[in-house]
Amino acid sequence: MIGAFKRLGQKLFLTLLTASLIFASSIVTANASIAPNFKVFVMGPLEKVTDFNAFKDQLITLKNNGVYGITTDIWWGYVENAGENQFDWSYYKTYADTVRAAGLKWVPIMSTHACGGNVGDTVNIPIPSWVWTKDTQDNMQYKDEAGNWDNEAVSPWYSGLTQLYNEFYSSFASNFSSYKDIITKIYISGGPSGELRYPSYNPSHGWTYPGRGSLQCYSKAAITSFQNAMKSKYGTIAAVNSAWGTSLTDFSQISPPTDGDNFFTNGYKTTYGNDFLTWYQSVLTNELANIASVAHSCFDPVFNVPIGAKIAGVHWLYNSPTMPHAAEYCAGYYNYSTLLDQFKASNLAMTFTCLEMDDSNAYVSPYYSAPMTLVHYVANLANNKGIVHNGENALAISNNNQAYVNCANELTGYNFSGFTLLRLSNIVNSDGSVTSEMAPFVINIVTLTPNGTIPVTFTINNATTYYGQNVYIVGSTSDLGNWNTTYARGPASCPNYPTWTITLNLLPGEQIQFKAVKIDSSGNVTWEGGSNHTYTVPTSGTGSVTITWQN
């Protein structure tokens, strides 16, 4: 963006963006291009709501700030805890009633994973204990390279997995059919943290960032699955030996990597490495196909809404010179194209995380973290394959306006259909008042929503400036910065000095108080004098308001 400046009271000059970067909140909104069905959601609390009146006030605040809906974990560990097919939906019915009363839409997440132990987890909700009595630990849980067993989600090698999910999904559908007016889509959980992945980076098993994590296929069930896959591919052990350069005598000698570090340094490049990693990912895609089929059969006849699943943004070690992509491979992400092919085949929307991050550590040891590059790659694949895709921030955003700008740039540049902010408590206090994070969230992301905002043109007359100074708008609502000049909207353009104009997307029907301010390249602010200006945004069409700068 180029700003116009006055020199010697006469001529207009153009300067680079540098002077305006401090106030980058509106950079992406001025000429934003966004998917026509774009919607903004906020994640509900992890913990149980105990005061639904206060919760309703929080949701009304979301509604008043342009948020379309709230996403909610429907914890398996809550509703079917007493025993198989013994469901208690009372809590979530009260929850859904509150969402409806606040005027929001609802996205239930069928959370068949455990909560606790992962980044951002503040509560502990295990998988129902009776589930683990259905079969052996070897058949039902993941086992990693070091011998650790993981119970964050039921292993895809358990043959009864889809039956368990079918019972859970079917009960939800029958109990919430009367809420289809607010349910706008449904998400299914494909693994830890609700993401389609292996539990490869579990802090409780010693993982620390930016470690590669651990492969999760060392149970007898997993090893047998790998052996059978190779038998199906090659037919004979002689064919395996020819392809791998080995001297095996029986398929029972085939195993996952016995030295993970060596494998991710060298072994992954071999035919064996390709075969192993292709199989390792195929376990996830097969699981996705199975649970998606169950979800469609349970939900489509009742709700007829999109079904989706999430892929984690495993962005570290992306450019590692010694083991590139090792963290992704451990999580099960070997070939994103074939991974997304299953989303397409299963008619699933896809959500991808880490939109708030940048590539500043892309070539910095030990991180080699390239989240922005990864987002672009996966989003381009989704666009090329015609897959509806949505975005999230991976970590809570606090006092970091650039993170919201990063999100907005991804959303507008890569045809995302929606964005979900992590999390309610970050932008709304328990009493329903907004936190300081609401303004940058609304300005950068909510105002991108087509048909959800009204273009209002502000004209500011007689606003004389000196070289390096621009004119902005700041006001009483979140989309005008909540009087915080850090989030002032602008800079305005100056087609006929000293008259300045700017068109802003504002929330329909809101009553605003505002002022013009002048901000120079050093961040110095000059406030307009006099009383606040007032304006009511139209509920449809466009709006305009003209003021004269008050000294």
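A Cβ is built for glycine as well, from the same backbone N, Cα and C atoms used for every other residue.
Record features (Swiss-Prot):
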type	residues	note
SIGNAL	1-32	signal peptide
BINDING	Asp73, His113, Asp121, Lys310, His315, Thr353, Asn393, Ala394, Arg423	substrate binding site
BINDING	Glu80, Glu167	Ca(2+) binding site
ACT_SITE	Glu195	active site, proton donor
ACT_SITE	Glu392	active site, proton acceptor
DOMAIN	448-551	domain 'CBM20'
Q) Which Cβ among the recorded positions (Asp73, Glu80, Glu167, Glu392) has the fewest C-beta neighbours inside 10 Å? A) Glu167
Q) Tally of helix, strand and coil residues over the domain 'CBM20' (448-551) according to DSSP? A) 7 helix, 51 strand, 46 coil
Q. Which value does the mean pLDDT take for the domain 'CBM20' (448-551) in this predicted structure?
A. 96
Q) Between Glu167 (Ca(2+) binding site) and Asn393 (substrate binding site), how far is it from one CA atom to the other, in Å? A) 31
Q: Give the distance between the Cα atoms of the residue listed as 'active site, proton acceptor' and His315 (substrate binding site), rounded to the nearest whole Å.
A: 14
Q: Translate the DSSP assignment of Arg423 (substrate binding site) into the three-state scheme.
A: coil
Q: Give the helix, strand or coil assignment DSSP yields for Asn393 (substrate binding site).
A: coil
Q: Have a look at the binding-site residues (His315, Arg423) and report the one with the fewest Cβ neighbours inside 10 Å.
A: Arg423
**Q.** CB contacts for Glu195 (active site, proton donor) [other CB atoms within 10 A, all chains]
**A.** 24
Q) Across all chains shown, how many C-beta atoms besides its own are within 10 angstroms of the C-beta of Asn393 (substrate binding site)? A) 25
Q) Rounded to an integer, what is the Cα-Cα distance in Å between Glu80 (Ca(2+) binding site) and Asp73 (substrate binding site)? A) 14
